[in-house]
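Just below is one structure, and these are the notes that go with it.
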Amino acid sequence: MRYRMTVIGTGYLGITHAACMAALGYEVLGLDIDVDKIRGLNQGELPIYEEGLGELLRAGLASGKLRFTTSYEEAGEFGDVHFLCLGTPQRAGGFAADVSQIDSALAALTPWLSRPSLVVGKSTVPVGTARRLADGLPEHVELAWNPEFLREGFAVEDTLHPDRIVLGVASDAAERVLREVYAPLGDVPLVVTDYATAELVKVAANAFLATKISYINAMAEVCEAAGADVVRLAEALGHDTRIGRRFLGSGLGFGGGCLPKDIRAFAARADELGVPLTFLREVDAINTRRRHRTVDLARELVGGSFTGRRVAVLGAAFKPNSDDIRDSPALDVALAVHRAGGLVSVHDPAAMDNARKAYPVLGYAPTPQDAIRDADVVLLLTEWQEFTDLDPTALGTPTSIVDARNALDPHSWQAAGWTYRALGRPALL
Ligand SMILES: NC(=O)C1=CN([C@@H]2O[C@H](COP(=O)(O)OP(=O)(O)OC[C@H]3O[C@@H](n4cnc5c(N)ncnc54)[C@H](O)[C@@H]3O)[C@@H](O)[C@H]2O)C=CC1
Ligand SMILES: O=C(O)[C@H]1O[C@H](OP(=O)(O)OP(=O)(O)OC[C@H]2O[C@@H](n3ccc(=O)[nH]c3=O)[C@H](O)[C@@H]2O)[C@H](O)[C@@H](O)[C@@H]1O
């Protein structure tokens, strides 16, 4: 059977899922309460920066397989399978996840589901959420939980070629439907389990990734104290296939709309369950210290005070190849420097509009060269290729650079007369 699908919530995850499902040949209706976003999407305008997604969106619209609406009535009538891709941000004033977008969406959708339907949660939620939601559904509506593991910057690739698919189901029928839905993806490892395990796989994976990053950043702290080099250390650790080199990228640490809020929500939920995951608080604390250390290193390089000093900030997005500035380490550092009296000039290849809107107090430069010109110190905070490709001999009078992502070749910067410093590496390399 060719299912007709809806995707409720068209943010980073929802747009990607909707466009990819349409690319697989399904008829898909995306729904959001943001009227402007829906109008734009129906005109083929992608509201985010994501490699290959704009083309997929426009191909879906052109084929007639994909369209968008703000009407729950239309969604209820249209779909057999309804994917929930709502946001689950950190609760205001706390660490737990705010699942109110999911509650509202489900309350708005359910009354329009007049025939047997499957609702599939993809959002990242505290364990126990799916059970609670399932208990509130009418008998002809079933719930499954199918967490998503895509990375921003690789969203399309990860959706069409996932490492694994996890299905939390309460019946064979739901499993059958979802196996059919994902069959066009080919031979992908599939883990079929209960709701709670499916919900936990997602937060356990993100907590592991965050822990791995903070582990190498804790090693960077030790390297700094001992005069060792964390980049060589990570390289040597990574050769051990049991450890692996991925996510041992030391530097400014993790940000974004997921890892930080997910480890906090997981720790909060684990507390409620009476199983405190105290190490996650340390993972969070190590991560925060990296931001402070970057600011301190920059301050040191401009002689102890930022007052009146020009600081070039390369990067605003939380990672390269994204325009997402949610909990961006780069903007956190830029703001701290600004508050300490520094004259900040930020450049980012994709996140300038988002950054300007969120932080109008910061200065912005149209090119990296403009940001760097006359700067007393340059901070590389997001490792866009446009920045790692910069030729240090072509940037005017050399000053100092903090490579907070260990992404540059120290020798070429030093050879060009720059004072090069990085986190977790000796001053002289
Ligand atoms: N961004 C990512 O790379 C990934 C996100 N996730 C998880 O997926 C979920 C969604 O994340 P994002 O897409 O980043 O969030 P987002 O904030 O970009 O998107 C959420 C969308 O839902 C819409 N919305 C809010 N309330 C609504 C309602 N009542 N009805 C319809 N639409 C409504 C918002 O307008 C927004 O467009 C989160 O749980 C996140 O943790 C999981 C894997 C990857
Ligand atoms: O739940 C989610 O939303 C997603 O969260 C992360 O994906 P994402 O946040 O897009 O980006 P990552 O590539 O994981 O990077 C997260 C942060 O960690 C930082 N990072 C990453 C790797 C590394 O070695 N070092 C490091 O500091 C990045 O700069 C970035 O700020 C996970 O990798 C995805 O599997 C998951 O689906």
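Here the Cβ of each residue, glycine as well, is placed from N, Cα and C on the backbone.
The active site, nucleophile annotation in TrEMBL covers Cys258. Following the DSSP three-state reduction, the secondary structure of Cys258 (active site, nucleophile) is coil. Packing around Cys258 (active site, nucleophile) is summarised by its Cβ count: 24 other Cβ atoms lie within 10 angstroms of its Cβ, all protein chains included.
Look at TrEMBL and you will find Asp32, Lys37, Thr88, Thr124, Glu152, Lys261, Arg326 tagged as NAD(+) binding site. Secondary structure at Asp32 (NAD(+) binding site), as computed by DSSP, is coil.
In the three-state DSSP classification, Ser250 (substrate binding site) falls within coil. Residue density at Ser250 (substrate binding site): 27 other Cβ atoms are found within 10 A of its Cβ, drawing on all protein chains shown. The substrate binding site annotation in TrEMBL covers Phe149, Leu150, Arg151, Glu152, Lys202, Phe247, Leu248, Gly249, Ser250, Gly251, Gly255, Lys319.
The domain 'UDP-glucose/GDP-mannose dehydrogenase C-terminal' annotation in TrEMBL covers 312-410.
Here Thr88 (NAD(+) binding site) is positioned 9 angstrom away from Cys258 (active site, nucleophile), judged by their C-alpha atoms. The closest partner of Lys37 (NAD(+) binding site) among the binding-site residues, by CA position, is Arg151; the full candidate set was Phe149, Arg151, Lys202, Ser250.
Ranking the binding-site residues Phe149, Arg151, Lys202 by the distance of their Cα atoms from the Cα of Thr124 (NAD(+) binding site) places Lys202 first. A simple Cβ count within 10 Å picks out one of the binding-site residues Thr88, Thr124 as the most packed, and that one is Thr124. Only Arg151 of the binding-site residues listed as Thr88, Arg151, Ser250 bring a Cβ under 6 Å of any atom of ligand 2; the order follows the sequence. Counting every protein chain shown, 23 other Cβ atoms lie within 10 Å of the Cβ of Lys261 (NAD(+) binding site).
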